[in-house]
Amino acid sequence: MANSSNKRPSTRTTSSSAGPRTSHVPSPPIPGCIPVSPGAALQRSTLTRSRSTIFFRPKQCREIPPWNEVSRRPHRSRSQDFRETDRLIDPSSNVTLYSSVDRDRSLFGDAESIDSASVNRIDLPGGPIPLYPCEPYPSWAELHQEAKNLLTLSLPVTGAYVMQYSIAASSVFFIGHLGAVELAAAALGNMFASVTGYAIASGLNTALDTLCSQAYTGADDVRMVGVHLQRGLILMAVLMLPVSVVWWNAEAIFLALNQDPALAALCGQYLRYQLWGALPYFMFECIKRFLQGQGIMHATTYILLLLAPINVILNYLLVWYPPLSLGFIGAPIATSISFWIMLVLSILYIKFVDGKEAWGGWDRRCLQDWKMFMELAIPGMIMVCCEWWAFEIVALSSSYLGTLPLAAQSILLTTDSMLYQLSLGIGISVNTRVGHLLGAGLPRAARLSSFSGYCLAMFTGLLNSGFLILARHQWGYLFNKDPGVAEIVASVMPIMAICQTCDVIAAVGSGILRGQGRQRIGAILNLLSYYTVAIPMGIVLAYPLGLGAAGLWWGLCASLFIVAGGQILATWWSDWDEIVENCQENIFKLDWESVDGSVEVEDDTDTTYPHS
């Protein structure tokens, strides 16, 4: 199952496009350096790292020549400040002597040779990307190729999220045949679990979205990714304490909210059994990001492909099958067992298939440097929870519209959740890609990937919108035979189509912000747009103005438009060079001492890394 594309990034050397191929004429070397002839291999011996510049220096090479003794030539750049393309060139022979100014060691640490042509592409999980895209704007060919790479990365992620979504849907399906009260209790219990547990865990784990992807290409020791995973696992264990208290006392909470006593009792029972599966679910979310940070996107797909039928069988046996039937409580027990199996399968995948190289065992450093981790985790939690909770509030608000609008809203929200899995897959792929490139010190390539992600998002959003508009008159009948419900669904789906376009763009924008480590911007946008625009506007349109379910969706549409627009502006105005500097400064702090303690610190600016 292991895919070679999921390995550490490697450089690809190609012929320079700057001019026709010419024969190499030896010329006197620059004093203090060894010219690199075409195809000659550099001796992998010592790598000298400064905070801003990294050079390959064979042991017999003397001092690096001063900058004024070499020329700088930007590659395919019309920008004067394109620092990442500065290279040391032998002016007389036009041969690249050293590469990787303002770039991390990991790009070239495993390179066996540097050709006379410039290194202008890097292989990453999902496909190669130009190190030096056209400036000031990428070409259409570059955008198209990178969009294909992102689509390749996103498809397995989308499949995994769809199957993970089906686990909760399976329990509702089997319980639905037990009775209306049981179905309502399961739906309310799942909503409560999402709001008070799963949403919080997902938001906190956005710190791993940033740190794992950046560390994989940026850290001198890839096992730094495993240290970040350990921090995430510890945080999830701590999160279990308040979640356990809240879920165990859910019945009392529902009674305090004036819910029906019978319904509150069933919800409390449902959540107590669901609690046994919360910890493995939280930990699986960490491991999933650990694998995605390495570009291993297919892992969760394989795991959930195996788990989905197991979950269905468990639900059948524990809910319906007479000898083993437990009735209502069988569904949460089956879900909890499925989550434990999911966790075990993910650990076995890392152990025997792929991803083990980034795990170096438990390290004491996972107990240190929590400030930066929490600076990403807390805004990430706000960003995710604001959106998640807003949709739940809209769902609750629709319950006051009447039976038919409530049924229609249930169909619409289910459809939106199904389509959002595709948006989420694209957002995760962009997040991983941008994080890899920023960790590698490639701001222009990261910007290219961001622009390509937005292009792919717009195309996907238009496809989703077209589907919703074309299928609006038949879609409601797939879920319910009542003409009144189908009519409401058909009237709202064009508004939902606009929401979908904005939603895909917003998902990609969130992925870019997570890749950059700027969750704070996403948190502010979501908090302001959903709670000052979406909910107030939706309630006013739905009730005083009498638009009903359509009014609630107009409110969501307005907020998603604001979020998507704000994220596009944040990306457009990004200082990518500064983001790379901040990213590598953080990596430098965390990676100052390698996991096995083999780094020797010479002074404040120079660190020597021995390689065998």
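Any Cβ shown, glycine's included, is placed from N, Cα and C.
TrEMBL: automatically predicted annotations, no manual curation.
Among the ranges 262-282, 451-471, the one that TrEMBL lists as transmembrane segment is 451-471. Only residues 6 or more beyond the boundaries of the transmembrane segment (451-471), in the same chain, are considered here, and those with a CB under 8 A from a CB of the stretch are 138, 142-144, 146-147, 149-151, 415, 419, 422-423, 426, 429-430, 433-434, 493-494, 496-498, 500-505, 507-509, 511-512, 568, 571. Using a Cβ-Cβ cut-off under 8 Å and counting only residues 6 or more beyond its ends in the same chain, the transmembrane segment (411-430) has close neighbours at 126, 150-151, 153-162, 165, 209, 292, 297, 391, 394-395, 449-450, 453, 456-457, 460-461, 464, 468, 475-476, 479-480, 485, 489, 492-493, 496, 499-500, 503-504, 506-508, 510-512, 515, 549, 553. Fewer than three CB pairs closer than 8 A are found between the transmembrane segment (552-573) and the transmembrane segment (299-321), and contact between the two stretches is not assigned (pairs 6 or more residues apart). Counting only same-chain residues 6+ beyond the ends of the transmembrane segment (491-513), those with a CB under 8 A from a CB of the stretch are 209, 383, 408, 412, 415-416, 419-420, 422-424, 426-431, 434, 450, 453-454, 456-458, 460-462, 464-466, 468-469, 471-472, 475, 519, 521-522, 549-550, 553-554, 556-557, 560-561, 563-564, 566-568, 570-571.
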